[in-house]
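Input: a single structure, listed below in structure tokens.
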Amino acid sequence: MELAAEEGFDIEDVEGAIEEAGHGPLPVLAVVGRPNVGKSTLVNRIIGRREAVVEDKPGVTRDRVTYEAEWAGRRFKVVDTGGWEQDVLGIDASVAAQAEYAIEAADAVVFVVDAKVGATDTDEAVVRLLRKAGKPVVLCANKVDGPSGEADASYLWSLGLGEPQPVSALHGRGTGDMLDRVLEALPEAPAQTFGTAVGGPRRIALIGRPNVGKSSLLNKVAGEDRVVVNELAGTTRDPVDELIELGGVTWKFVDTAGIRKRVHLQQGADYYASLRTAAAVEKAEVAVILVDASESISVQDQRIVTMAVEAGRAIVVAYNKWDTLDEERRYYLEREIETELGQVAWAPRVNVSAQTGRHMEKLVPAIETALAGWETRVPTGRLNAFLGELAAAHPHPVRGGKQPRILFGTQAGTKPPRFVLFASGFIEAGYRRFIERRLREEFGFEGTPIHISVRVREKRGAKKK
């Protein structure tokens, strides 16, 4: 902190920046309810921008179903569970399915009901699901635009979920009071502590687009004699997590139901899969991304990779069906990996065959490598010596007659590694990427995303208003 003061930074600002970057995983809020009650409109209101899809139609493709939000200085993630229509599986089944996977990954739930329509049989079915899950619930009575609407909302006491929060998601009425209740229900984001041991078996999400061989791979690594526990935290229909022994160590594979139970839906299958993948990634520490090496790398493959990176998980990429490739396909696959999956060039890679079991023994070392990178901590003194040498050898380009300097830096957290750099001016994105590359060359960080945030020193003498 002495260095911060010498360089003209406000100590409180520095401490705040480090604390903000150093939090562990953010708490998760799921927004659930039947179609057309205004879930996506409410999500847009919560996150403060028009980003969620506002049509409740099955088959609407979304790159993301998880968004980051902030209220009263606290940050959290919002899972939007919109996107289902009555003719997907029958309304009860479709709502129960999408709600169940979101609730599984959530710390608290906002249950949205149309106050004008009142409680329906479908709403009652969701209430039963919420009671079974045991998660904190905030009941949102939406489409309340005035006193008559508040009277409608009061009827929702009958659901037995406590006081209904009268809200108009469209106009913003009542959303502040509702979010205050949400903060009461959500746990605080855990502070980051270096070297904290993770309780229980390490958690793995096996993810990938449909039909890449996830089921075959899971069966191959598990084997009936090696499944330690089959139904942990089971949902109403099928097991969610499985404990599997690999390399003499027990690992928890999360949401194996989504792998073992093949989903055959005429509509909404992509959305169903992406929601399920997002929920699995949220619960995991490491994502093993399975790619079908016999086919061209698809946009969906890239989306799944991006989802895991943005979630900040340790990552291993496994290329399945490797034994089926001829020399020509291997050549073109290498080119595709360079161009399409360059964003995870740092991730350990294993070439496997779920069918024959080829190279399965390489999976555990790759996972362990990724977790080690994910938990790597660089001492502050060593980090600043590295930054000083880097800036001396490769200074930031001059812009507008000025050359921004990195004054000092610190690692605010791990899982994934998060760094805060304090600078005399704006640091361009290209230079940040250069710093990340050199950090990886110097300290490893194999198998993990790295987050770098920059705080710029205010001009000396500038008064805060």
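Each Cβ is built from the backbone N, Cα and C atoms, and glycine gets one as well.
Straight from Swiss-Prot, the features:
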DOMAIN    27-190  domain 'EngA-type G 1'
BINDING   33-40, 80-84, 142-145  GTP 1 binding site
DOMAIN    202-375  domain 'EngA-type G 2'
BINDING   208-215, 255-259, 320-323  GTP 2 binding site
DOMAIN    376-458  domain 'KH-like'
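Taken residue by residue with DSSP, Lys39 (GTP 1 binding site) is part of a helix. On the 0 to 100 pLDDT scale, the domain 'EngA-type G 2' (202-375) averages 80 in the predicted structure. Taking the Cα atom of each, Lys214 (GTP 2 binding site) and Val144 (GTP 1 binding site) are about 45 angstrom apart.
Among the binding-site residues Gly208, Asn211, Trp322, not one has a Cα within 10 Å of the Cα of Gly33 (GTP 1 binding site).
Residue counts for the domain 'KH-like' (376-458) under DSSP, helix first, then strand, then coil, are 29 helix, 22 strand, 32 coil. Put simply, Thr81 is the one of the binding-site residues Asn36, Lys39, Thr81, Val144 whose Cα lies nearest to the Cα of Trp322 (GTP 2 binding site). Its Cβ placed at the centre, Gly33 (GTP 1 binding site) has 26 other Cβ atoms within 10 Å. With the fewest other C-beta atoms within 10 Å around its C-beta, Asn211 stands out among the binding-site residues Asn36, Thr81, Asn211. Within 10 Å of the Cβ of Val144 (GTP 1 binding site) there are 25 other Cβ atoms, across all protein chains. Taking the Cα atom of each, Thr81 (GTP 1 binding site) and Gly208 (GTP 2 binding site) are about 20 angstrom apart. Taking the Cβ of Lys214 (GTP 2 binding site) as centre and 10 Å as the limit, one finds 23 other Cβ atoms among all the protein chains shown.
Asn36 (GTP 1 binding site) sits 30 Å from Gly208 (GTP 2 binding site), taking the C-alpha atoms as the reference points.
Its Cβ placed at the centre, Lys39 (GTP 1 binding site) has 27 other Cβ atoms within 10 Å.
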